[in-house]
Amino acid sequence: ALRLAGGRSRCEGRVEMEQGGSWGTVCDDAWDMADADVVCRQLGCGRAVRVHAGAAFGRGGGPILRDEVGCQGHEEHLWECPAMTEHDCSHKEDAGVVCSEHQEWRLSGGRDGCAGRVEVFFRGTWSTVCDSTWYDTKGRVLCHTLGCGEPLRKLFFHHTLPGRMVYECESLQPSLAHCRWAYNKSAPCHQSRAVGVVCNGTEP
């Protein structure tokens, strides 16, 4: 089995493999985009947009199961790629990846990171979010995700970034990525403005 740990979504984090009933990590020696592409595709997370070395998502535990991974990029599973099972690594060299289906959020143009226009990083680019389906639940999910408390009010901005995202959350979720969403679909965003939010917390 394979998973990403320590990231902000299931499509970002430290690469962890299960072998013989225990989870372990992969060493960052020779870790590159071809290796990361195999991981992202295997997890249904699109393609790799960034690779990370040096335990960028924190140090893992357990054994270090692979070193000097050398995927071509077309393999279906990470364990099909050539690699060393003997290693000279420690967990400060755990490999990580950010995949294209990962979403992260920021509020920009406000007094701090807890107020402003809602922007989402998705498929390697920052996009705005349409106000057409933006109700209280989504504001609560976003403010919680950012560690900014509860939403106080909604703001309106212009769309000035290349992409547009729409979310529909029927209940409180761990993040907006767990809600239903659509990217660059024109109908729900037709004549919409870019939504913003003011949360009651301040940036930690």
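The backbone N, Cα and C atoms fix where each Cβ goes, glycine too.
If you go by TrEMBL, Cys81 shares a disulfide bond with Cys71, out of Cys71, Cys89. Between Cys179 and the candidates Cys169, Cys189, TrEMBL records the disulphide pairing with Cys169. Neighbour counts were taken as the number of other C-beta atoms within 10 angstroms of each residue's C-beta; across the disulfide-bonded residues Cys169, Cys179, the minimum falls on Cys179. Neighbour counts were taken at the CB atom with a 10 A radius for the disulfide-bonded residues Cys71, Cys81; the maximum falls on Cys71.
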